[in-house]
Amino acid sequence: MTRFALTVVRHGETRLNKEKVLQGQGIDEPLSETGFKQAAAAGRFMSKVRFTHAFSSDLTRAKQTMHGILKHNLFCKDMTVQYDSRLRERKYGAAEGKPLSDLRNMAKEAGEECPFFTPPGGETLDQVEMRGKQFFEFLCQLILKEADQKQQFSPGAPSNNLETSLAEIFPLETNYSSEVNSDSGAPGLVASVLVVSHGAYMRSLFGYFLTDLKCSLPASLRKFELSSVSPNTGISLFIISFEKGKEPTPKCVCMNLQDHLNEVTKTLSVIC
């Protein structure tokens with residue numbers, strides 16, 4: 001069995017987040033002052049995590065957030081980031097650049113619920129989920145290939161350095177501590193992947209984990225959190241286990257963690 005850690009972070013706040021204006025893919029807004037502070041806070045919070053891979057959406061707000069996180073990491077300051085368009089936010093088409101209230105009105109006029117409504121020129125929820133599935137499958141194949149190559153040149157079990165660094169940062173409650181505890185008897189992590197993406201995209205990806213891959217959850221996670229949008233720079237951690245020929249099995253350690261934001265002025269955010 002091969003195991004790796006997947007840490008997914010939503011980008012920091014932009015001016016349009018605060019103004020509740022939809023950005024999607026067409027409005028490439030940079031981080032606001034608060035957004036840069038949030039990214040730095042997330043970086044300090046995860047400064048001792050040993051990441052092996054870094055992937056980001058190629059939109060400016062995500063790229064700036066990734067830079068802010070890695071800048072404060074003790075081990076990954078010079079890590080090469082791979083920018084991937086599959087990690088972009090949902091495309092909102094005609095609603096991009098308009099207030100969220102306009103999207104709600106468009107959905108109401110169409111007789112549909114807002115989260116499920118597709119504005120003209122926008123992506124359907126199924127299309128967004130497909131992008132997330134394609135990226136995740138690519139990631140699993142990459143990690144498995146690299147693990148096989150390492151095993152050929154350096155036989156033996158992976159070290160526990162990666163999960164030890166996670167265990168020092170993330171709260172270890174009894175309901176999920178064994179997933180990142182090196183004493184659990186599970187094989188060591190072969191990789192620790194950092195991903196920076198967007199609110200609606202992350203909600204879709206996590207929905208795929210929960211519904212299709214039967215992701216297990218910590219008992220402390222409340223039901224409403226499963227469908228809520230991550231706050232800006234909210235952190236979610238999953239341990240992914242998989243074998244050749246079988247579907248991967250994600251286990252959620254935490255979802256939309258925001259402990260690091262205590263030092264930053266909290267601001268309202270929207271799905272953008």
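Don't overthink the numbers, they just go from 1 along the chain as shown.
Cβ atoms here come from the backbone N, Cα and C positions, even for glycine.
Within 10 Å of the C-beta of LEU16 (substrate binding site) there are 19 other C-beta atoms, taking all protein chains into account. Sequence annotations record features per position, and here TrEMBL assigns substrate binding site to ARG10, HIS11, GLY12, GLU13, THR14, ARG15, LEU16, ASN17, ARG61, GLU89, ARG90, LYS91, TYR92.
The local packing around HIS11 (active site, tele-phosphohistidine intermediate), expressed as other Cβ atoms within 10 Å of its Cβ over all shown chains, amounts to 34. Taken from TrEMBL, the feature active site, tele-phosphohistidine intermediate covers HIS11.
Neighbour count (other Cβ atoms within 10 Å of the Cβ, all protein chains): 28 for GLU89 (active site, proton donor/acceptor). Per TrEMBL, active site, proton donor/acceptor is recorded for GLU89.
Counting only same-chain residues six or more apart in sequence, the Cβ atoms lying under 8 angstroms from the Cβ of ARG90 (substrate binding site) belong to GLY24, GLN25, GLY122, GLU123, LEU125, VAL128, HIS198, ALA200, TYR201, SER204.
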